[in-house]
Amino acid sequence: LPLLLEATLLRLATGSHHPFYNGFYYNHIMNDKGNGQEKVVYFNGARLLVETPKDPVYSFNGGNVTLPCHYRYEPDLEAKRKIRIKWSKLRDDYTKEQDVLVAIGKTYMAFGDFRGRAHLRQAGRREASLVVSDVRLQDDGKYRCEVIDGLEDESDVVDLRLQGIVFPYQPPRGQYKLNFHEAERVCQEQGAILATFNQLFQAWSEGLDWCNAGWLADGTVQYPIRLPRKPCGGLQLAPGIRSYGPRHRYLHRFDAFCFSSALRGEVFYLDHTAGMTLEEAKQSCQDAGAEIARVGQLYSAWKFLGLDRCDAGWLADGSVRYPIAKPRTNCGPPEPGVRSFGFPSKGRFGVFCYKER
């Protein structure tokens, strides 16, 4: 029996190589009258239904989250049934991307990055909810809860969204210097990941306006415009997300749009009377039991913790920036935001440090 169970789990895990939709084979059988009308046959005499919340489920980096999923029968079946449950993470176009977990009864197996972080919550009758601990930036997206009862197979989708912020990024060597893979790397170096289109769209709806094109996670290049202007697609175009479409991931070069979520720690500012060089700034953070903050951490502290400091400070990438939550005289433009002095080769400034709680 253990070997049979293991084989079944492995077969479920590798099932992503086959087309997902199998309702035609199991549920929908053409009648034999030749009039083209379908009739539905349920093999156990009851209809299997899978239900998940229609609204997104929100979490944050490092948190724990439950993706609700329940199933039932119409009419109800009192007898216990041996069902199988499978969770998959989907691309935005609803095609399969990644196996998360499969289960038969109380035995389950998680896969890939979800090993040790994902399990089923079966606290109630006919519950198939997925629990994910230590949520990561890459967990943002759509998940399919699939329930299999013999030949019947039904599913529904849960949308997990991380509370986060999208910020444009270009490296010290200037504008449009990153191919897709370099853009992925620089976002990771700044405590972030490449943003998805949905994340960029949300940021645009919240006010992000940026005229430089940047890579997104799907390999497209886009940029958000709130105020149409001549250098940014022209005055005749309405506000929205401008798109260059998919670009060559090695040959074409742009900036990056990175996504960072809420912090598990705190960002704080250190200064000396005469300021510090970048190396002195790194050492000062270490002496305080912290590390020099990354760009994504500064943006997150500004957005989620209201960090407001009108003093410029070093960050890990060699840039000098400062966060303004309450705009005021001598602290830059009249809008809130993270101001940047670029990547000075000389100069002495304070430093923003990050410390885990």
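Heads up, the Cβ atoms here are built off N, Cα and C, so glycines get one too.
TrEMBL: automatically predicted annotations, no manual curation.
Sequence annotations record features per position, and here TrEMBL assigns disulfide bond to C211-C232, C310-C331. TrEMBL lists 62-158 with the feature domain 'Ig-like'. As annotated by TrEMBL, domain 'Link' applies to 165-260, 266-355.
Ranking the disulfide-bonded residues C211, C232, C310, C331 by the number of CB atoms within 10 A of their own CB puts C232 at the top.
Within the model, the domain 'Link' (165-260) shows a mean pLDDT value of 96, rounded to a whole number. Across the range of the domain 'Link' (266-355), the DSSP-based residue counts are 21 helix, 26 strand, 43 coil.
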